[in-house]
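So the structure is just underneath, and the comments pick up after that.
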Amino acid sequence: MAMLDFNTLQVASISSRLAFVLVFLVTLLRHPREVYFGVWASALCSSLTASLLMLGDPPNIPLTPVKGCVVYVLYGASLALSWAGLRLFYERPACIPQVVLLALLSGLPYGALLAAGASVAWSLSTVFGGIALSTALCIVEILRTPASMRLWTQYIVLSGFGGYLFIFLLTIGVVQFASEHLASPEGGVYALLFDLWCGVFIQVGYLAMVSERAHLKLSRLAETDPLTGLANRRGLFAAIRRRAGRTSSPPRCAILLADIDHFKSINDTHGHEGGDAVLIGFAERLRSVMRKDDIIARWGGEEFLIVLDQAESSAASIVAERLRRTAEGQPFSVNGTAVTVTASIGVSIVAAGEEGIEPALSRADAALYAAKRDGRNRVCLEWPAAPSQPETRAVRAEPPSGLRGAMDDISIGEQPRSEMA
């Protein structure tokens, strides 16, 4: 460490913090709704002020009660504000009273204990205990992120806070059981180097997290139908690829292709806003009928495609018929007018040996055409051809007698939007 000067490292630390403050503030000016940039900039300003107050102080001499109280409150505020910024980033409410309390707990006990005659060791232990608490809260805030919002880059930030927590707890142990090492100038150099390393990881990690999340949002927008919130064609095939990547077995699913009957007439009568209201309402009814592992997409115009996960032909028939009845069961409200809407549905399944859904999709499309041709408001089925037989003709979906009673016994869950995004 002969080549490293403590004061030089202090200047480097201050310069690094100042640079990140400017980056965060400029980014906030460009994106004023991203309030967490302002909170993180405030956290850096707090630690920057504390570093300026300590500039030139020897690392092996304890701070006076008053100065120590101010400096450690500022460092505590820096970590508490970092925690608040993480909460805002993850779209959780910031807890201002808790932030203030954490900041005060990090510094006020130092001055109070020294004034009361306590040892420097115990006074410093309370400081690092309070700071360690704020650091632990930052770690918890990152780890409690649900899987749907988890980012790879958040682990960069996590490593920085993890390093801080380790060094704070280690410092408490050194203060209590090996305080002679605190008098070593090299100890201060090592501590400042570690602070630089952790700080850069955290600040760079913040920027990387924001960038990664923005990229994911753009990807989801590209895969989502803006009107209904369902997947579009791109989103459907992306969801199928993700599902295929989780299993090595071929897909076992059924395809439902639903089309709203006489939709052009609805548009002509009630205008495009009325047509949009019907599309949105129909999508909501689709979600109410489908199970959580099913994939729902707006296939184009007034057509919707559903991939029923792990569904045999009998279950697919029942779900399709329930969807048809749900569509016509209650009128849609369009500009204050009750409009009865029906749907035609074509059904097929992915046959054994078929690698993708395209052959089943073609059969479902043929079945939908048959449903339209035969009078609409019905379900038609077209199953894969048997090995020695030609492909079956699309027929009216009248469920077998043994299945009629089973229709009403099926429990259907809700399809979440996140599957589509």
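Placement of Cβ uses the backbone N, Cα and C atoms for every residue, glycine included.
Copied from TrEMBL, the annotated features are:
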type: DOMAIN; residues: 251-384; note: domain 'GGDEF'
type: REGION; residues: 386-421; note: region 'Disordered'
type: TRANSMEM; residues: 6-28; note: transmembrane segment
type: TRANSMEM; residues: 35-55; note: transmembrane segment
type: TRANSMEM; residues: 70-90; note: transmembrane segment
type: TRANSMEM; residues: 99-118; note: transmembrane segment
type: TRANSMEM; residues: 124-143; note: transmembrane segment
type: TRANSMEM; residues: 155-177; note: transmembrane segment
type: TRANSMEM; residues: 189-210; note: transmembrane segment
Whole-number mean of pLDDT values that fall within the domain 'GGDEF' (251-384): 91
Of 6-28, 124-143, 155-177, 189-210, whichever stretch has the most CB pairs under 8 A to the transmembrane segment (70-90): 124-143
Stretch with greatest number of CB pairs under 8 Å, the transmembrane segment (99-118) reference, 35-55, 124-143, 155-177, 189-210 candidates: 124-143
The domain 'GGDEF' (251-384), counted residue by residue under DSSP: helix, strand, coil: 60 helix, 37 strand, 37 coil
